[in-house]
Amino acid sequence: MSGNNPFDNAMAQLKKAAAYLPQTKELKQKLEILKEPQRIINVTIPVKMDDGIVRIFQGYRVQHNDARGPYKGGIRFHPQVSMDEVKALAFWMAMKCAVADLPLGGGKGGVIVNPKELSAGELERLSRGYARAIADCIGPDKDVPAPDVNTTGQIMGWMVDELIKIRGVKNKRDKEKLSSTFTGKLIKDGGSEGREEATGLGGLFVLQTVLTKLGKKGKLTAAVQGFGNVGFNVAKFLDEVGFKVIAVSDSKGAIFVPGGINPKLTLECKRKNGYLAGCYCSGSVCDLTKGKQISNEALLELDVDVLVPAALESVITKENATRIKAKVILEMANGPTTPEADTILYKRGISVIPDILANSGGVTVSCFEWEQNLKGQHWTKDQVNKKLKEKMQKETNAVWETSKKLKTDLRTSAFVVATNRILKAMK
Ligand code: GLU
């Protein structure tokens, strides 16, 4: 049974894929091990607020599996963070790194906080406090965190700086090596070219590969739920390659612009106003007559070719799956579709490109960043994007071929590919 508990949903996905694996006793035992996180770290982070009062924040780091390499995965700052959510996200990271064939395992972190209510100073103290709290459990060959929902390159920079202080590292080259503990850093702190847009660009490469297989061509329409780093960049890349993006949203609501939004202008307008409503930017102007406000739920049910959930988990459920009109769903969020919804969508002939493949571009370039820091290199944006494109196309093809061979959906196939790789690496 599964509902909207993300960890239960993740386990239901694994169970479905497990039926396609060789049923030997040894593999079954390894599969049992893969179901549980190897380590769960529970931390409290005291932070001195601007008014002088100390507030205690609750944080987690879940280290799911390191059979293929160090634990890898972002840190989320969100009021709805919970242990079950972080456990699911850590498990999905293990699967994601395996499906992208990276020498990394899976982990995830989270802090229960609404960062929008913090001042810049409070955010910095919380970030440094979290890094201190998990410092013993992370490192370039142990666990390598990164940004996730509401965390940025700047936050990674504070965390690296804190770790450098804790370890007392002075030498420049040693600092650079230690900085590989966190990826998604700003370029000035040792970040990789292309990392900021990597999740969005990787998603575009995966989508283009699948659309070619499906024989879908011409001017396609898209709706994107979410307008954070991932949602914005996906919308930007889709627009650049000729899609008409007719709707985007943030946590406060969605906008519907039938003429197709201009993502960059929309972002500028949102930054200026603080919200998306009224930012009906199409072509080179923002004009109140060009669009209207709709709900986040309505966005998901728009009649578009491609629907892109790029916000949080469990937004496509058994309640709304029957009303989805898109032909292809590109999962840029982690866990946006529940298992019941998956079954409904599959029966309705809607192709769901699963999160662990669709959004693996981000961690792929994180892996490049880690490699560059460890080797003391800095690759050009062209080099990064070329390697990203090759990887996304190769792994999308592998998942596609598996789905044809097993006659099943893309998520189950991605899970089969990933699980096989992890089980092979397990001792
Ligand atoms: N938070 C991103 C994800 O869910 C990136 C993780 C990483 O770069 O390690 O894939």
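Numbering starts at 1 and runs along the chain as displayed.
Yeah, the Cβs are placed from backbone N, Cα and C, and that goes for glycine too.
Residues annotated as active site, proton donor in TrEMBL: Lys108. Counting every protein chain shown, the number of other Cβ atoms lying within 10 Å of the Cβ of Lys108 (active site, proton donor) is 31.
Here Ser366 (substrate binding site) comes close to Lys72, Val144, Ala146, Thr183, Gly184, Ser192, Arg195, Ala198: these same-chain residues lie at least six apart in sequence, with C-beta atoms under 8 angstroms from its C-beta. Residues or ranges marked as substrate binding site in TrEMBL: Lys72, Lys96, Ser366.
Annotated NAD(+) binding site per TrEMBL: Thr199, Asn229, in sequence order. Spatially close to Thr199 (NAD(+) binding site) yet at least six residues away along the chain are Asn229, Val230, Asn233, Val234, Met332, Asn359, Gly361, Gly362, judged by Cβ distances under 8 angstroms.
Feature annotation from TrEMBL assigns site 'Important for catalysis' to Asp148. In the three-state DSSP assignment, the secondary structure recorded for Asp148 (site 'Important for catalysis') is coil. Counting only same-chain residues at least 6 apart in sequence, those with a Cβ under 8 Å from the Cβ of Asp148 (site 'Important for catalysis') are Gly73, Gly74, Ile75, Arg76, Leu89, Lys108, Gly109, Gly110.
Among the recorded positions Lys72, Lys108, Asp148, Asn229, Ser366, the residues whose Cβ sits under 6 Å from any atom of ligand 1 are Lys72, Asp148, Ser366. Same-chain residues that are not part of Lys72, Lys96, Ser366 yet have a Cβ within 8 Å of the Cβ center of the substrate site turn out to be Gly73, Gly74, Met93, Cys97, Ala100, Leu102, Leu104, Gly106, Val144, Ala146, Ser360, Gly362, Val363, Thr364, Cys367. In this entry, substrate is bound by Lys72, Lys96, Ser366, whose most widely separated C-alpha atoms sit 13 angstrom apart. Taken residue by residue with DSSP, Lys72 (substrate binding site) is part of a strand. Here Lys96 (substrate binding site) comes close to Gly106, Asp355, Ile356, Leu357, Asn359, Ser360, Val363, Ala418: these same-chain residues lie at least six apart in sequence, with C-beta atoms under 8 angstroms from its C-beta.
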